[in-house]
Amino acid sequence: MVASARVQKLVRRYKLAIATALAILLLQGLVVWSFSGLEEDEAGEKGRQRKPRPLDPGEGSKDTDSSAGRRGSTGRRHGRWRGRAESPGVPVAKVVRAVTSRQRASRRVPPAPPPEAPGRQNLSGAAAGEALVGAAGFPPHGDTGSVEGAPQPTDNGFTPKCEIVGKDALSALARASTKQCQQEIANVVCLHQAGSLMPKAVPRHCQLTGKMSPGIQWDESQAQQPMDGPPVRIAYMLVVHGRAIRQLKRLLKAVYHEQHFFYIHVDKRSNYLHREVVELAQGYDNVRVTPWRMVTIWGGASLLTMYLRSMRDLLEVPGWAWDFFINLSATDYPTRTNEELVAFLSKNRDKNFLKSHGRDNSRFIKKQGLDRLFHECDSHMWRLGERQIPAGIVVDGGSDWFVLTRSFVEYVVYTDDPLVAQLRQFYTYTLLPAESFFHTVLENSLACETLVDNNLRVTNWNRKLGCKCQYKHIVDWCGCSPNDFKPQDFLRLQQVSRPTFFARKFESTVNQEVLEILDFHLYGSYPPGTPALKAYWENTYDAADGPSGLSDVMLTAYTAFARLSLHHAATAAPPMGTPLCRFEPRGLPSSVHLYFYDDHFQGYLVTQAAQPSAQGPAEMLEMWLMPQGSLKLLGRSDQASRLQSLEVGTDWDPKERLFRNFGGLLGPLDEPVAVQRWARGPNLTATVVWIDPTYVVATSYDITVDTETEVTQYKPPLSRPLRPGPWTVRLLQFWEPLGETRFLVLPLTFNRKLPLRKDDASWLHAGPPHNEYMEQSFQGLSSILNLPQPELAEEAAQRHTQLTGPALEAWTDRELSSFWSVAGLCAIGPSPCPSLEPCRLTSWSSLSPDPKSELGPVKADGRLR
């Protein structure tokens with residue numbers, strides 16, 4: 001009783017405090033319930049057909065001079081409203097949910113469910129203990145699949161030889177896109193589970209303990225000192241892909257010497273580049289192209305296979321008596337002259353130069369994923385489970401760019417030593433094998449004392465930008481990639497005491513000025529008046545590849561560009577020449593190039609066969625289409641002065657902070673990203689509003705920009721198809737404008753590479769169901785934004801959904817002409833049209849002179865540059 005009375009007394013005394021505490025707890029509970037309800041609601045719409053469980057996230061970032069980062073993972077996202085901001089060294093700017101939206105669940109249209117993924121049940125063979133297929137019995141590695149996105153689930157159509165239980169292996173089987181790849185994965189996993197895939201122990205021949213890595217300094221005066229023996233000769237292995245033939249020619253021009261040898265492997269997917277390289281090699285006896293080609297994906301086992309096969313080829317070419325093997329990519333460039341490199345290697349002719357990770361081995365093994373089993377198929381590296389490092393050896397690794405002696409290459413290629421044979425088996429199922437195989441073989445061999453911990457390169461690592469898991473669509477791991485050099489990085493290229501002779505990476509589509517600076521530093525300036533020193537061209541389409549490599553958006557845009565240009569030729573011609581300047585396009589464009597000047601994108605160059613309206617043969621014309629800027633900076637406050645640019649596009653590259661889709665060509669099925677660039681200044685919170693062509697407010701969200709934030713970007717999860725036509729993105733603060741930009745969602749004239757049919761146009765050009773781009777409606781913002789009444793725009797949009805043929809082309813051309821203008825036309829051959837000058841005489845045509853990327857004959861000193 002006494003205790004009860006005391007409790008009652010305490011309750012009466014502190015009843016106000018207790019009531020306040022209960023109220024706070026109740027409020028917190030309501031908030032938690034509200035947000036969990038939003039997540040559950042989204043999960044109910046998006047999660048009914050769940051994909052296989054994501055891979056477990058790893059931790060940490062990339063190792064020094066190694067491309068591996070951490071285990072791949074999609075990571076969990078809490079709802080749809082997490083955005084990203086990029087700001088090195090400062091907290092991430094946040095995208096927060098706008099409070100101006102209202103829920104409209106009653107009219108929500110759920111997306112079509114994805115294909116049913118295979119179950120995660122155990123997979124068993126026909127009988128336990130059935131004999132396993134040996135490694136030699138595997139099907140060949142498939143060339144199918146795409147590195148543009150992770151392979152999609154398919155039905156199980158294979159027969160595993162054992163019970164597969166590991167979660168990594170089951171996930172890989174569920175995601176592999178072909179039966180052949182699934183069978184390969186099952187065979188590898190069964191062999192591994194039986195203990196017959198990986199070597200248990202590997203012999204070590206090196207008698208040294210610890211790492212043998214003598215430091216070698218470099219003094220430029222050494223290049224003038226007499227050599228010990230004849231100057232060394234180098235076999236350059238160039239591993240290239242993509243379409244940047246002009247940058248490759250520029251690299252070859254810089255490193256070429258008639259005493260060296262050049263062997264070029266072009267990725268199997270890069271047919272245009274292969275044709276150009278084959279033509280290039282015909283002019284030089286010491287330049288050859290591999291007669292075979294492979295698909296070499298980032299981090300894949302195929303890269304090591306390609307190197308070993310290339311090394312064997314180089315050893316067996318008659319008359320190629322080389323001393324060193326140096327691998328390069330098209331994004332490399334020399335930082336010292338050939339004379340300096342030859343002098344240095346001649347004084348160290350018995351050394352092998354490989355860059356090590358520079359940290360304890362156990363951590364490197366974890367970061368690099370060496371304790372995990374991988375297999376490559378469908379152009380993807382699949383993580384299949386854990387494994388043990390073989391006993392008896394020291395595992396090393398780091399960079400996959402190296403300088404190796406001929407004797408070591410012969411040992412790796414020809415030896416029967418169990419050390420090499422068993423390590424080749426181990427690295428066949430290893431992520432990034434070229435970053436570790438040669439290091440580990442050398443450090444455990446009798447030649448271990450020849451190792452120098454320096455690969456003679458300087459690499460532009462910026463891990464805050466380069467380690468963003470950008471390869472997770474190719475490998476089940478998080479990887480890193482170096483950044484491109486820019487002029488502000490030039491001091492890093494001038495290593496004085498450390499011997500470095502090459503640098504990477506360089507991309508002329510990102511920055512060509514730094515190459516000009518480096519080239520001038522090495523070889524001096526070009527003669528005065530040399531053309532095209534600031535210009536750069538890169539092919540993006542060639543008719544020999546066929547239209548299959550083009551998206552419907554690009555095919556639509558390129559053909560529309562040709563029509564706009566030919567119309568311009570007729571209207572811009574002098575009156576007397578008008579009949580001679582009327583053309584009709586014939587077929588599809590024959591080629592398309594990106595054109596840059598002074599490191600700014602200048603537009604597309606389209607080469608098109610055109611039939612004159614007057615009598616005469618068809619002519620080949622090249623047309624220059626230039627994008628028109630649409631950014632408006634509207635604010636007058638200090639916060640508004642922070643905004644530098646506002647862009648919308650696709651293929652955003654967070655490492656280089658640019659859109660790889662130059663010009664922002666996008667269609668109804670694309671997923672655009674809005675990117676803002678900021679100067680430093682006071683913190684601010686801004687609202688981003690997207691408005692479609694019929695004045696539907698598609699979405700609205702807030703971004704918080706910290707003091708030192710440089711870039712913010714967010715891709716709203718808009719329902720598709722997007723309505724074709726001009727869109728507007730506004731940036732506001734307290735509903736006062738800071739900036740505005742317009743972008744075009746292009747009406748498509750092609751669908752699956754065929755002219756658009758009416759039944760396809762009726763849904764592809766109609767916008768999303770019920771005009772709802774999000775699960776919430778933002779149309780209540782129309783009055784705040786002072787948007788026009790939508791009725792007329794809606795009627796026009798409805799008419800547009802019925803267009804096909806010439807009427808559809810006219811609409812597409814009309815919309816495109818609001819964002820692009822014809823900047824030039826020229827004739828590749830003779831033309832009676834007086835307003836068309838020859839392309840070779842222009843400064844902008846892809847056929848105009850480009851001396852910096854033209855090779856020419858070998859000079860008296862054995863060089864090209």
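The backbone N, Cα and C atoms fix where each Cβ goes, glycine too.
Taken verbatim from Swiss-Prot:
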TOPO_DOM  1-15  topological domain 'Cytoplasmic'
TRANSMEM  16-36  transmembrane segment
TOPO_DOM  37-865  topological domain 'Lumenal'
REGION    41-157  region 'Disordered'
COMPBIAS  53-65  compositional bias 'Basic and acidic residues'
COMPBIAS  73-82  compositional bias 'Basic residues'
CARBOHYD  ASN122  N-linked glycosylation site
COMPBIAS  125-137  compositional bias 'Low complexity'
DISULFID  CYS162-CYS190  disulfide bond
DISULFID  CYS206-CYS448  disulfide bond
BINDING   VAL239, ASP267, THR296, ILE297, TRP298, ASP400, TRP401, SER481, ARG504, LYS505  UDP-alpha-D-xylose binding site
CARBOHYD  ASN327  N-linked glycosylation site
DISULFID  CYS467-CYS480  disulfide bond
DISULFID  CYS469-CYS478  disulfide bond
DISULFID  CYS581-CYS833  disulfide bond
CARBOHYD  ASN683  N-linked glycosylation site
DISULFID  CYS826-CYS839  disulfide bond
REGION    846-865  region 'Disordered'
Least surrounded among the disulfide-bonded residues, given as CYS190, CYS206, CYS826, when other CB atoms within 10 Å are counted: CYS206
Most crowded position, judged by CB atoms within 10 A, among TRP298, TRP401 as binding-site residues: TRP401
CYS448 (disulfide bond): tally of other CB atoms within 10 A of its CB: 21
Candidate recorded positions TRP298, CYS478, ASN683, pick with smallest Cα gap to CYS839 (disulfide bond): TRP298
Structural state census, the region 'Disordered' (846-865) (DSSP three-state): 3 helix, 0 strand, 17 coil
Structural state of TRP298 (UDP-alpha-D-xylose binding site), classified by DSSP into three states: coil
DSSP-derived class (H/G/I helix, E/B strand, else coil) of ASN327 (N-linked glycosylation site): strand
Pairwise Cα distance maximum in Å, UDP-alpha-D-xylose-binding residues per record: VAL239, ASP267, THR296, ILE297, TRP298, ASP400, TRP401, SER481, ARG504, LYS505: 19
Pairwise Cα distance for ASN683 (N-linked glycosylation site)/TRP298 (UDP-alpha-D-xylose binding site) [Å, integer]: 39
Those residues of the chain, 6+ apart, with a Cβ under 8 Å from that of THR296 (UDP-alpha-D-xylose binding site): VAL239, HIS241, HIS265, ASP267, SER302, LEU303, MET306
In three-state DSSP terms, the structure that CYS469 (disulfide bond) belongs to: coil
PLDDT averaged over every residue in the topological domain 'Lumenal' (37-865): 86
Residue pair CYS469 (disulfide bond), ASN327 (N-linked glycosylation site) - Cα distance, angstrom, rounded: 25
For CYS478 (disulfide bond), the one of TRP298, TRP401, ARG504 that lies nearest, given that the binding-site residues are compared by Cα: TRP298
Among CYS478, ARG504, CYS839, the most crowded of the recorded positions [Cβ within 10 Å]: CYS478
CYS480 (disulfide bond) and TRP298 (UDP-alpha-D-xylose binding site), Cα-Cα, nearest whole angstrom: 10
Inter-residue C-alpha distance, CYS833 (disulfide bond) and CYS826 (disulfide bond) (nearest angstrom): 10
